[in-house]
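K.L.:
Quick one: the structure is below, and I'll ask about it shortly.
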Amino acid sequence: MIKKVPIVLSIFCFLLLLSSSHGSIPEAFLNCISNKFSLDVSILNILHVPSNSSYDSVLKSTIQNPRFLKSPKPLAIITPVLHSHVQSAVICTKQAGLQIRIRSGGADYEGLSYRSEVPFILLDLQNLRSISVDIEDNSAWVESGATIGEFYHEIAQNSPVHAFPAGVSSSVGIGGHLSSGGFGTLLRKYGLAADNIIDAKIVDARGRILDRESMGEDLFWAIRGGGGASFGVIVSWKVKLVKVPPMVTVFILSKTYEEGGLDLLHKWQYIEHKLPEDLFLAVSIMDDSSSGNKTLMAGFMSLFLGKTEDLLKVMAENFPQLGLKKEDCLEMNWIDAAMYFSGHPIGESRSVLKNRESHLPKTCVSIKSDFIQEPQSMDALEKLWKFCREEENSPIILMLPLGGMMSKISESEIPFPYRKDVIYSMIYEIVWNCEDDESSEEYIDGLGRLEELMTPYVKQPRGSWFSTRNLYTGKNKGPGTTYSKAKEWGFRYFNNNFKKLALIKGQVDPENFFYYEQSIPPLHLQVEL
């Protein structure tokens with residue numbers, strides 16, 4: 001008992017100092033935290049307030065989009081190291097009448113995981129990043145604060161023929177990636193990352209830790225691509241690992257307009273979704289100014305689950321116009337291919353995947369997306385190419401093939417609905433130097449003009465990846481925003497699954513504690529239809 005006295009005094013003095021120094025932090029929150037951590041010295045290291053030397057570094061550590069560095073800051077940041085810390089954070093934030101924001105990797109394009117227009121507590125999960133791989137069971141448990149790179153590295157340490165169908169950006173947090181769907185180069189073979197979730201642990205609005213069995217199948221359905229932060233704090237996930245061959249083949253082949261790049265892109269639309277599932281063939285349109293002059297390129301990027309000789313046969317049979325040659329191809333194992341598509345130089349140590357900060361320069365970015373149901377005309381593609389060529393700051397266009405496994409999964413299997421009727425998706429991205437603050441709106445307006453340009457050529461109503469959410473699409477006006485109002489943006493991400501998400505939200509979080517600008521609103525059928 002005597003040994004506990006210094007600990008209790010240390011915690012008491014720490015919290016007393018907080019209450020006297022930060023009148024903006026509600027006393028109810030500090031009192032609750034004091035009670036929850038009365039004998040837990042870890043509070044000294046996991047609670048960060050503006051007067052702490054650690055506050056700014058923790059806040060900025062995983063802000064991937066510097067557009068929001070000047071946004072209103074949280075009253076406090078909690079960086080839990082135990083699941084019980086998450087429970088305490090949820091209970092105390094709710095009791096104090098504050099909002100909570102949940103951040104795993106900070107890659108949210110709108111910064112919604114770490115900013116708010118009203119006073120809030122930031123729950124940063126970066127210290128919850130344990131990974132346990134079970135090769136015999138073809139599964140793994142991974143905590144939400146781990147990055148895609150850390151997860152890939154751990155899989156490769158255990159097996160050269162196992163993988164997971166997640167994205168290519170190694171610094172993205174697993175929590176946000178899985179709960180928003182998660183697409184990558186294996187989606188035609190194995191579907192989305194969220195299609196391969198088999199269990200999860202969530203802290204709900206009542207502070208309870210629930211697994212798949214105790215949360216029930218409805219909530220488990222919702223968090224697999226429906227935006228986990230609308231329903232609770234998912235602290236860990238159990239996922240299914242997939243098989244890959246010992247060697248895969250990759251290539252990136254770029255063509256200018258004069259080299260037939262646009263004609264090849266037009267042809268690609270007719271074959272990409274019909275190719276064998278083992279072949280992922282995406283296309284980008286972007287400015288290659290390495291020569292000093294603005295030059296648009298159509299870049300064909302591929303991952304093939306097999307060897308070069310087999311890939312050449314598939315391409316000769318399905319897309320001979322591209323003219324792929326053996327010397328264009330590189331053979332490597334899957335983990336090195338993941339590094340290749342993440343932008344790491346060939347031969348770089350795999351240990352760089354464990355670096356939580358992106359190896360790429362941080363730039364301001366805004367993004368939108370569409371799903372395409374039928375090939376676009378040459379006229380539409382000509383207008384798109386012309387727009388990209390004439391814009392002073394050319395957007396990046398990424399076209400991702402669907403088909404394969406994506407066409408075999410029901411549109412209601414998980415919240416992500418865009419399956420058999422979609423042949424590919426288009427992602428529009430504008431990137432600029434963050435020091436050019438005065439031109440930010442101009443760049444964002446340019447993205448809006450591009451979206452408007454594509455409107456006649458895109459099936460209506462439009463659909464978008466939830467992971468590319470954009471507040472210009474629409475947003476909640478407060479925790480009282482109704483389902484009928486939220487449909488204006490919600491159907492774009494989830495189509496007819498949006499109503500089911502709202503009904504589940506009404507069951508598990510009727511008071512809408514887990515609210516943010518594009519969270520799922522609770523739908524109570526007896527009140528609102």
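Numbering starts at 1 and runs along the chain as it is shown here.
Keep in mind that glycine also has a Cβ here, set from the backbone N, Cα and C atoms.
Positions annotated as signal peptide by Swiss-Prot: 1-23. Among the features that Swiss-Prot reports, disulfide bond is placed at Cys32-Cys92. The N-linked glycosylation site annotation in Swiss-Prot covers Asn52, Asn293. Marked as domain 'FAD-binding PCMH-type' by Swiss-Prot: 70-244. As annotated by Swiss-Prot, FAD binding site applies to 102-108, Ser113, 168-169, 173-177, Phe183, Trp465.
Any idea what these are sitting next to in the structure?
P.N.:
Cys92 (disulfide bond) has a Cβ environment of 25 other Cβ atoms inside 10 Å.
The Cβ of Asn52 (N-linked glycosylation site) has no same-chain neighbour under 8 Å that is 6 or more residues away in sequence.
A strand conformation is recorded for Ile102 (FAD binding site) in the three-state DSSP classification.
Secondary structure at Asn293 (N-linked glycosylation site), taken from DSSP and collapsed to helix, strand or coil, is coil.
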K.L.:
Of the recorded positions Cys32, Cys92, Asn293, which one has its Cα closest to the Cα of Ile102 (FAD binding site)?
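P.N.:
Checking each of Cys32, Cys92, Asn293 against Ile102 (FAD binding site), the shortest Cα distance is to Cys92.
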K.L.:
Could you give the mean pLDDT over the domain 'FAD-binding PCMH-type' (70-244), rounded to a whole number?
P.N.:
98
K.L.:
Please work out the number of neighbouring Cβ atoms within 10 Å of the Cβ of Gly175 (FAD binding site), leaving out its own Cβ.
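P.N.:
So the number of other Cβ atoms within 10 Å of Gly175 (FAD binding site) is 30.
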K.L.:
Measuring Cα to Cα, how many angstrom lie between Asp108 (FAD binding site) and Cys92 (disulfide bond)?
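P.N.:
Between the Cα atoms of Asp108 (FAD binding site) and Cys92 (disulfide bond), the distance comes to 25 Å.
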K.L.:
What's the CA to CA span in angstrom from Phe183 (FAD binding site) over to Cys32 (disulfide bond)?
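P.N.:
Cα to Cα, Phe183 (FAD binding site) and Cys32 (disulfide bond) are separated by 40 Å.
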K.L.:
Radius 10 Å, atoms counted are CB only; among the recorded positions Cys32, Ile102, which position scores highest?
P.N.:
Ile102
K.L.:
Of the recorded positions Cys32, Cys92, Asn293, which one sits closest to Gly175 (FAD binding site) when you measure Cα to Cα?
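P.N.:
Result: the closest of the recorded positions to Gly175 (FAD binding site) is Cys92.
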